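First comes the structure, then the notes that go with it.
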Amino acid sequence: MWQLLLPTALLLLVSAGMRTEDLPKAVVFLEPQWYSVLEKDSVTLKCQGAYSPEDNSTQWFHNENLISSQASSYFIDAATVNDSGEYRCQTNLSTLSDPVQLEVHIGWLLLQAPRWVFKEEDPIHLRCHSWKNTALHKVTYLQNGKDRKYFHHNSDFHIPKATLKDSGSYFCRGLVGSKNVSSETVNITITQGLAVSTISSFSPPGYQVSFCLVMVLLFAVDTGLYFSVKTNI
C-alpha cells in the first residue's frame with residue numbers, strides 16, 4: 001500500500017502547486033476614501049493580498065515604476081502634484097492589483113466623492129474640502145448651477161438614495177475668512193441596473209483549495225506510512 005501511495009501522493013502534490021492564474025488579485029484601498037485630494041493632504045494606500053510565512057513584503061508601483069516601500073501600507077504625508085497617477089500593489093501570493101487613480105489638485109476648495117458614477121438608490125457622499133482644512137463657512141453645494149444644499153458651517157452633503165435626477169454637474173463654494181472661493185465642477189452620473197463596483201472582493205479560492213489538498217494528501221501519506229510500518233512489525 002505504502003509503495004503505491006507515495007508516488008501517487010507526490011504526483012498530486014506537484015499538480016496542486018500554485019499557478020499564476022490560481023493566485024488572487026491584490027486590491028488597493030485609499031484611506032481616506034477620496035481619490036481626489038488637495039496639495040498637502042495626507043493619503044494612505046493599503047494593499048490587501050495573500051502572503052507566505054516566509055515573505056510578507058509588498059511591491060508598490062506608481063505609474064508603473066517600482067516604489068522602494070515594501071510595507072503593506074504606502075503613506076503620503078503631504079501630497080504634491082507629482083504624487084498624482086496610478087498606484088498598484090502585488091504580494092508574493094497575489095497577482096498585480098488593478099490600478100487606483102490618485103489626483104492631487106491645487107486650489108482652495110475641492111469637491112470630493114468616493115466615485116463619480118453611482119446606480120439608482122446608491123447613497124452619495126459629497127465633501128467640500130478646503131486646503132489644509134482651513135475653516136470654511138456659508139457652504140453651498142450646487143447642481144447644474146442651482147443651489148442644492150446650504151450649510152452655515154461646513155458639512156458633508158449626503159443623498160441617501162440616488163435617483164436619475166441626481167445626475168449632473170456639481171461644485172461647492174463657501175467663505176474662507178471673507179474670501180469667496182469655489183471648487184472645480186465635477187460630473188456625477190446615476191445609472192440604472194447593476195451596482196457599480198468600487199472595491200473588488202478579496203477571496204483566494206485557488207490558494208485555499210491547493211493548500212487544503214496538500215494537507216489532505218500529507219495526512220494520507222502519514223496514514224499510509226503508519227499502517228505500512230505496523231504491518232511489517
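The backbone N, Cα and C atoms fix where each Cβ goes, and this holds for glycine too.
Annotated signal peptide per Swiss-Prot: 1-16, in sequence order.
For 40-96, the entry in Swiss-Prot reads domain 'Ig-like C2-type 1'.
Annotation comment: Swiss-Prot describes Cys47-Cys89 (among others) as disulfide bond, evidence class experimental evidence. Using a 10 Å Cβ-Cβ cutoff, Cys47 (disulfide bond) registers 22 neighbours.
Annotation for Asn56 (N-linked glycosylation site): same-chain Cβ neighbours under 8 Å, separated by at least 6 residues, are Ser72, Thr91. The N-linked glycosylation site feature in Swiss-Prot is assigned to Asn56 (among others).
According to Swiss-Prot, the feature N-linked glycosylation site maps to Asn63 (among others), an assignment based on sequence analysis. In the three-state DSSP scheme, Asn63 (N-linked glycosylation site) is classed as coil.
Neighbours of Asn82 (N-linked glycosylation site), defined as other CB atoms within 10 A of its CB across all chains, total 8. Per Swiss-Prot, N-linked glycosylation site is recorded for Asn82 (among others), and the stated evidence type is sequence analysis.
In the three-state DSSP classification, Asn92 (N-linked glycosylation site) falls within coil. Cβ-based neighbour count (10 Å, all protein chains) for Asn92 (N-linked glycosylation site) stands at 15. Per Swiss-Prot, N-linked glycosylation site is recorded for Asn92 (among others).
If you look up Swiss-Prot, you'll see 121-179 marked as domain 'Ig-like C2-type 2'.
Residues or ranges marked as disulfide bond by Swiss-Prot on the basis of experimental evidence: Cys128-Cys172 (among others). In this view, Cys172 (disulfide bond) is surrounded by 29 other Cβ atoms within 10 Å of its Cβ, with every protein chain counted. Cys172 (disulfide bond) falls within a strand segment according to DSSP.
Classification of Asn180 (N-linked glycosylation site) by DSSP places it within a strand. The Cβ of Asn180 (N-linked glycosylation site) has 11 neighbouring Cβ atoms from other residues within 10 Å, across all protein chains displayed. Per Swiss-Prot, N-linked glycosylation site is recorded for Asn180 (among others), and the stated evidence type is sequence analysis.
Feature annotation from Swiss-Prot assigns N-linked glycosylation site to Asn187 (among others); the stated evidence is sequence analysis. Within 10 Å of the C-beta of Asn187 (N-linked glycosylation site) there are 10 other C-beta atoms, taking all protein chains into account.
What Swiss-Prot lists as GPI-anchor amidated serine is Ser200, and the listing cites sequence analysis.
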Subject >> Of the recorded positions listed as Asn63, Asn82, Cys172, Asn180, Asn187, the one whose CA lies nearest the CA of Cys47 (disulfide bond) >> reply: Asn63
Original post:
What are the non-local neighbours of Cys89 (disulfide bond), defined as same-chain residues 6+ apart in sequence with CB under 8 A from its CB?
Top reply: Ala26, Val28, Leu45, Cys47, Gly49, Thr58, Gln59, Trp60, Phe61, Tyr74, Leu96, Ser97
**OP:** Using Asn92 (N-linked glycosylation site) as the reference point, find which of the recorded positions Asn63, Asn82, Cys128, Cys172, Asn187 has the shortest Cα-to-Cα distance to it.
**Re:** Asn63
